[in-house]
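**Student:** Got a structure for you, written out below as structure tokens; questions coming shortly.
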Amino acid sequence: MFDTHTVEIEWAGRPLKLETGKIARQADGAVLATYGETVVLATVVSAKAPKPGQDFFPLTVNYQEKTYAAGKIPGGYFKREGRPSEKETLVSRLIDRPIRPLFPEGYKNDTQVVVTVVQHDLENDPDVLSMVAASAALTLSGVPFMGPVGGARVGYINGEYVLNPHLDEMDESSLDLVVAGTYDAVLMVESEAKELNEEVMLGAVMFGHKGFQPVLDAIIKLAEVAAKEPRDFQPEDYSELEAEMLKHFEAELREGYKITQKADRYAAVDAVKAKVKAHFFPEGVEPKYTAEVIGAVFKHLQAKIVRWNILDTKSRIDGRDLSTVRPIVSEVGLLPRTHGSALFTRGETQAIVVATLGTGEDEQYVDSLTGMYKERFLLHYNFPPYSVGETGRMGSPGRREIGHGKLAWRAIRPMLPTAEQFPYTLRVVSEITESNGSSSMATVCGTSLALMDAGVPLAKPVAGIAMGLILEGDRFAVLSDILGDEDHLGDMDFKVAGTADGITSLQMDIKIAGITEEIMKVALGQAQGGRAHILGEMAKAITESRGQLGEFAPRIEVMNIPVDKIREVIGSGGKVIREIVEKTGAKINIEDDGTVKIASSSGKEIEAARKWIHSIVAEPEIGQIYEGTVVKTADFGAFVNFFGARDGLVHISQLASERVAKTQDVVKEGDKVWVKLLGFDERGKVRLSMKVVDQATGQEIPNEKKKEEAAE
């Protein structure tokens, strides 16, 4: 019934198995991939023909984690998986980025790649395996795909590169880098690092590229026995149309791209585009080409002209040379009632970034396949349509916004203080108010400024820069701080963030083969210079974290209590802790290890809560005098609440120095009294005395003390 084919290899000390022919046989391509004991199913379906009028390649990648893969049941009322998590969105992008450039230009058939995690061994992260499985499924599908693509994770532990480290090894690693590519080219890099230099980062990229070569061999081996017949796809040849367009409009287009101001340049290019349409769509004549074809070729021509100009003149669209960064203005304290704020403007790219400090209650609970964990640093990136002068949808963040936010998050996180050093939850929101390239790197810079303005003790300021690279034959140009117009015409786009001493995040997207290690080294060196320049400009606003928190930020005091006292502080059904919160106004968070965080914008509220908790967990000392409240009277004495929630008995003989006939003759419920702790009886009950204490002053009465000692 099944025509199953399997290839197995040993990869980084663990077995990798690729299997096809048994599951999801109606898909164009399907591969069940196993690494260690983590299993993913990747499927590919591509429409047989493009939709009429389709003018782009509609590729969709969906990565999904099923909770059953880790032996769990989803939370929530419906008990089933809901909308994609942040990780699912990020891994979908991770798979998409290296495979998209390998589809031939002109292929516009609706294509969907679905990767499902069906088993997780809690040792091997499914993201790299998913990339491999998707590549294998595409290679088998018969869809025009110039792969295969391989992928690998690289760690850096004790000065050594590690291929595909286990999840628990990543805690020791100063690098988390994922690299993908073909036999002869690196196509994608995504990373987070702890201030590593350019040489180490580039070495990791090349180490990973070498490390996934056996995976490419395995995919080819599987394709030799299981691949479907390649679909017949011949891209249209529009070289004749391009030549005619060049002949008539090259000069005008070149003039348009000499205009350095974005809006004026767009207007000039649109005017040329209108002339192109008039030329190729004369009235009363049947057009030779469709509007979609004319638009696509014109766009291609725009890219060519800009690339030629840059390579020939070493001058950019906006008049800059290759390495100059646009003018930068950094401001902090823009919104004084927020906890920390910054406005970062670089050319026509601008971000308002606001930092908010919260308590442990504000931490984000993340339910992943590897278990529930809490995240104390949140960074949210928003890209409203007005930032590029357009109208558009407003609502929940899209994949791009989530991806850009995570890139900035990775860049900043290595410089954050530990929870012990700074027990706050941090949320940063970046509102992109203008965009003309590199808004994610503006977010990095603005986040660094806003956190320092908020008084967060960042180890060092962090800056980011977006770079481009153009390669034609043996000529190449590296562009620093690229514009939006330059973003798509380059052969390599990469973003580097870090401090003055090293890289904290590197993201690369390489679209062609031929970009050598030496070229990447030159590009990273130029990026280092740009990053240093931006850090210098940021320093004009603020150089280090403020010595104190903002006026409106909460204060947090940390204290530790014995674990066996946690129940007493919380109380039955949370009664005690609720009372402390209500009476003092402070927020209280208690960890399982006995760490107590007390938060409030008022120092008095924090101190009141601290004293209350201390009175609950501390043990009263024999011989000490305490203030208390009579909570109950009886024939044999009075019960007094003292030392927090603790009660003790003042026997009728200890109420006063003279003989007392009735307890109520001396005290009533609600009376404030001074008591001395005499000790504990054989059952552990507290024995108190009032008669040895002056009820007016709270001081011990010397004569009564002597009598007491004589009696003992």
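Glycine residues also receive a Cβ, built from the backbone N, Cα and C atoms like all the rest.
So Swiss-Prot says this about it:
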- D487, D493: Mg(2+) binding site (BINDING)
- 554-613: domain 'KH' (DOMAIN)
- 623-691: domain 'S1 motif' (DOMAIN)
**Student:** Test of understanding: give the count of other CB atoms lying within 10 angstroms of the CB of D493 (Mg(2+) binding site).
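**Tutor:** Its Cβ shell of radius 10 Å holds 21 other Cβ atoms.
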**Student:** If you draw a 10 Å sphere on the Cβ of D487 (Mg(2+) binding site), how many other Cβ atoms land inside?
**Tutor:** 15
**Student:** Specify the secondary structure state of D493 (Mg(2+) binding site) as given by DSSP, simplified to three classes.
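**Tutor:** Reduced to three states, the DSSP call for D493 (Mg(2+) binding site) is strand.
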**Student:** For the domain 'S1 motif' (623-691), how many residues does DSSP put in helix, in strand and in coil?
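**Tutor:** Secondary-structure breakdown of the domain 'S1 motif' (623-691): 6 helix, 35 strand, 28 coil.
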**Student:** What is the average pLDDT across the domain 'S1 motif' (623-691)?
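**Tutor:** Averaging the confidence scores along the domain 'S1 motif' (623-691) gives 86.
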